[in-house]
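Taken straight from TrEMBL:
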- His40, His65, Asp66, His138, His164, Asp197: Fe cation binding site (BINDING)
Amino acid sequence: MRTEYGKLNKMEMGIWECCELLNDVIDESDPDLDEPQIEHLLQTAEAIRKDYPNEDWMHLTGLIHDLGKVLLHPGFGELPQWAVVGDTFPVGCAFDKSIVHHKYFEENPDYHNSDYNTKYGVYSEGCGLNNVMMSWGHDDYMYLVAKGNNTTLPPAALFIIRYHSFYAMHKSGAYRHLMNEEDTENLKWLQIFNKYDLYSKSKVRIDVEKVKPYYLSLIEKYFPAKLRW
């Protein structure tokens, strides 16, 4: 999937267009199914904006962090939920017990493969998460989209986009032995971001048209008008 979707040849559209397209998909792992996806994106972004008014890159990251969920849309092949949402984790080394539904890994051949079921597996101490293969999902897809379209967002933003569903690492503290110094620095921002993401949605509705001009200005600052998806 990573090779296929990494071609970025499924569609061409702008960031805001994608935000609106996301309203057509349902994330079954989301605790707030009764609200449109764009509501979550804007609630996250606006909450960050309130507390970190000078970090505009983080406001935009809040808006776009879940856009990879468009993989659930028919226009992108309508991938199954398990291939798009839910927690992500490294492959090629032992599955940490903090990963959700860990018991089911016993049915995965890698669980019993001595090349892959040790602490380091195919990796080495401090190799850096950029050198670690993660399970496929909306995080990695949006990271590939951002990188492939030459975003000027800072490395911390790309780290947040790529690893915000990697709960075993940023919530449980697992896999730190694979991280390098840059990962450790970026993790600080991810942990800040996470407070505004899952289970933190406000019941106060966002006036989309009121905040839209601000986010369009950020999109113009950090992204081209049209992106390859």
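Glycine is treated like the rest: Cβ placed from N, Cα and C.
Taking Cβ-Cβ distances under 8 Å and a sequence separation of 6 or more, the neighbours of His65 (Fe cation binding site) in its chain are Leu41, Thr44, Met142, Ile160, Ile161, His164, Phe193, Asp197.
A simple way to gauge crowding: the CB of Asp197 (Fe cation binding site) has 20 other CB atoms within 10 angstroms, across all the protein chains here.
Cβ contacts within 10 Å of His40 (Fe cation binding site), excluding its own Cβ and spanning all protein chains shown: 22. Around His164 (Fe cation binding site), taking its Cβ as the centre, 21 other Cβ atoms fall within 10 Å, counting all chains. Around His138 (Fe cation binding site), taking its Cβ as the centre, 25 other Cβ atoms fall within 10 Å, counting all chains.
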